[in-house]
Amino acid sequence: MTTLAELGLTAQGGAEAQVTGLAVDSRDVKDGYLFAALPGAQVHGAEFIQYALRMGAGAILTDAAGAAIASEHLAGAMAAVIIAEDPRQTLAQTASLWSGAHPGTVVAVTGTNGKTSVSTFCRQIWEQMGIAGVNLGTTGVEGAWTHPLKHTTPEPITLHRVLAQATENGITHVAMEASSHGLDQRRLDGVLLTAAGFSNFSQDHLDYHKTFDAYFEAKMGLFDRVLSEDGVAVINLDDPKGQEVADRCTARGQEVIGVGRDAGARLQLTGQRFDATGQEVLFSWQGQAYQVHLDLIGGFQAENVLLAAGLVIAAGAEPSTVFEVLPELGTVHGRMELAATRDNGATVFVDYAHTPDAVSTALQAMRLHVMGRIIVIVGAGGDRDATKRPLMGAAAARHADSVIVTDDNPRSEDPATIRAAVMAGAVEAGATDSITEVGDRAEAILRGIDMLAPGDALLIAGKGHETGQVIGDTVLPFDDVEQASVAVAALEGRI
Ligand SMILES: CC(=O)N[C@H]1[C@@H](OP(=O)(O)OP(=O)(O)OC[C@H]2O[C@@H](n3ccc(=O)[nH]c3=O)[C@H](O)[C@@H]2O)O[C@H](CO)[C@@H](O)[C@@H]1O[C@H](C)C(=O)N[C@@H](C)C(=O)N[C@H](CCC(=O)O)C(=O)O
Ligand SMILES: Nc1ncnc2c1ncn2[C@@H]1O[C@H](COP(=O)(O)OP(=O)(O)OP(=O)(O)O)[C@@H](O)[C@H]1O
Ligand SMILES: N[C@H](CCC[C@H](N)C(=O)O)C(=O)O
Ligand SMILES: [Mg+2]
């Protein structure tokens, strides 16, 4: 139990309460809980204050609008009422105080693509250096301590509970993903960051943010608000938005480590040569060169490694030790992962490309490792940014030799309508040998693999590490890597 004062909260009329737990959903409230009634996208959480009180809530955190909505229920209630201008931000601070210690070194990365990859590489570098680290994001908590997560950036109550549990389990270093939803909703505002990274900016999530500007500003919250003035910002200067981000950080007084091919980068990528299994990369840190072989497919993964190395250095590691361990880095699950190889040598890769930029980047990256033709399987998710669908189809048609359009988590939408939008973009971009629509994802994979001649490669885009196909409210088990190896075994006559 903790008092409101210990949680940094002041209730109306100076009321005190012994808080037994925190909840953002009225259905999770138990006796003595503080219920945070937050303004939502669908409804104001204050609509549920009456239920939270019935469940025994001892304190209510909300904004002025929420207090007005629930005034009738709050008037006669015993619960302490805290009114905050930005209750999501207040909740983030409260959750941090509630859960106690978090690991001493926490770095966060934002950007449209590459967050999971960069945070995973940070954790792998720490691991190789003998440091107890984890990455925290889309793929859960992974590393020296593991824990499943439902969101890329969990809401603050979960986030701080997980950080506290990680600390109890000996974790000293965390690399976490800062999603734009998470930043917009202040989910990580109570986390003390040592350093923060920016990977890139392109289209996604316009269903939520509505405009590119709003989406970009949400991401900038990481540097403008969450990272303090004495934190270090590690910025990919090769991205068109990179310099603007760096300038904003400099203006706030933060130390900036620029990374990229850009001549002004302190951590630079100066050379890159590709082979069938990876790439030879030349890095330079403040003028000192390091040549490293990365067992990773895709030029962009070297850029992600560069950003990860920058973050680890910003968090205090000795640069020469960081470059020494880079050859030990392994594929991030579901990111340019070699899933299967046909008897004729043709390869099948699984990648989480689910934005137009990611589809282009992944396919262009593959070209440099592949001698023959490239076939891509692509689809777009339901209940997500619909405007990205034709752009994903167009990116696929522009950069692959054959395109198969299929389903990827249609959710509540009609799968045929989503496929039609992806197909329309692909057909308009044209220039491929073939564009086919195969709704059933397993069949699409089988057909794609059947097309592979010696030297060819197939990219199965969109689902990466995911283990289910979401159709309506049902999640059917589905794993691209597994499907690929089953399809290869079937086509080679082994099953
Ligand atoms: C779009 C979005 O991000 N929504 C988040 C937001 O919900 P909301 O404000 O829209 O909720 P609402 O339905 O309007 O309800 C308002 C409030 O009433 C509460 N409520 C609602 C019903 C009830 O019976 N009782 C009750 O108390 C809700 O808990 C909520 O706090 O605030 C809620 C509480 O903090 C979050 O749980 C919820 O995340 C939902 C579950 C979600 O799916 N978010 C996804 C889109 C997301 O955040 N994804 C990003 C990754 C994206 C990416 O990079 O690809 C992530 O970080 O995972
Ligand atoms: N640096 C990069 N530049 C462009 N595309 C990238 C980059 N890194 C990764 N990608 C593409 O984006 C996909 C997703 O990568 P990753 O999971 O690391 O990103 P993320 O930002 O965590 O995504 P999410 O928003 O779903 O959490 C990859 O599979 C790849 O196709
Ligand atoms: N974090 C992303 C993942 C998309 C993955 C793709 N398989 C899809 O379902 O669209 C989102 O929720 O928008
Ligand atoms: Mg991610």
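Heads up, the Cβ atoms here are built off N, Cα and C, so glycines get one too.
Curation plays no part in TrEMBL annotations; they are all automatic predictions.
If you check TrEMBL, you get these features:
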- 19-96: domain 'Mur ligase N-terminal catalytic' (DOMAIN)
- 109-311: domain 'Mur ligase central' (DOMAIN)
- Gly111, Thr112, Asn113, Gly114, Lys115, Thr116, Ser117: ATP binding site (BINDING)
- Lys219: N6-carboxylysine (MOD_RES)
- 334-464: domain 'Mur ligase C-terminal' (DOMAIN)
- Arg384, Asp408, Asn409, Pro410, Arg411, Gly462, Glu466: meso-2,6-diaminopimelate binding site (BINDING)
- 408-411: motif 'Meso-diaminopimelate recognition motif' (MOTIF)
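Using the Cβ center of Gly111, Thr112, Asn113, Gly114, Lys115, Thr116, Ser117 for ATP, the list of other same-chain residues with Cβ within 8 Å runs, in sequence order, Val109, Val118, Glu177, Ser199, Asn200, Asn304.
Comparing local CB density within 10 A for the recorded positions Lys115, Lys219, Arg384, Arg411, the maximum falls on Lys115. When the recorded positions Asn113, Thr116, Lys219, Asp408, Arg411 are checked against ligand 2, Asn113, Thr116 have a Cβ within less than 6 Å of one of its atoms. By neighbour count, meaning other C-beta atoms within 10 Å, the densest spot among the binding-site residues Gly111, Gly462 is Gly462.
For Thr112 (ATP binding site), the count of additional Cβ atoms within 10 Å of its Cβ stands at 22 [all protein chains shown].
Between the candidate binding-site residues, Asn113, Thr116, Ser117, Asn409, the densest Cβ environment within 10 Å is the one around Ser117. Here the residue listed as 'N6-carboxylysine' is positioned 12 angstrom away from Asn113 (ATP binding site), judged by their C-alpha atoms. Mapped onto DSSP classes, the domain 'Mur ligase N-terminal catalytic' (19-96) shows 34 helix, 18 strand, 26 coil. Counted over all residue pairs in Arg384, Asp408, Asn409, Pro410, Arg411, Gly462, Glu466, the record's binders of meso-2,6-diaminopimelate, the longest Cα to Cα distance measures 16 angstrom. Here the domain 'Mur ligase central' (109-311) has a mean pLDDT of 96 out of 100.
For the recorded site, Thr112 (ATP binding site), the DSSP three-state label reads coil. Each of the binding-site residues Gly114, Pro410 was ranked by the number of other C-beta atoms within 10 Å, and first place falls to Gly114. Under a cutoff of 8 A between CB atoms, and with a sequence separation of 6+ in the same chain, the neighbours of Asp408 (meso-2,6-diaminopimelate binding site) are His354, Val378, Gly379, Ala380, Gly381, Arg441, Gly462, Lys463, Gln469. Considering only the recorded positions Gly111, Thr112, Gly114, Lys115, Thr116, Lys219, no residue lies within 10 A of Arg384 (meso-2,6-diaminopimelate binding site) on a C-alpha to C-alpha basis.
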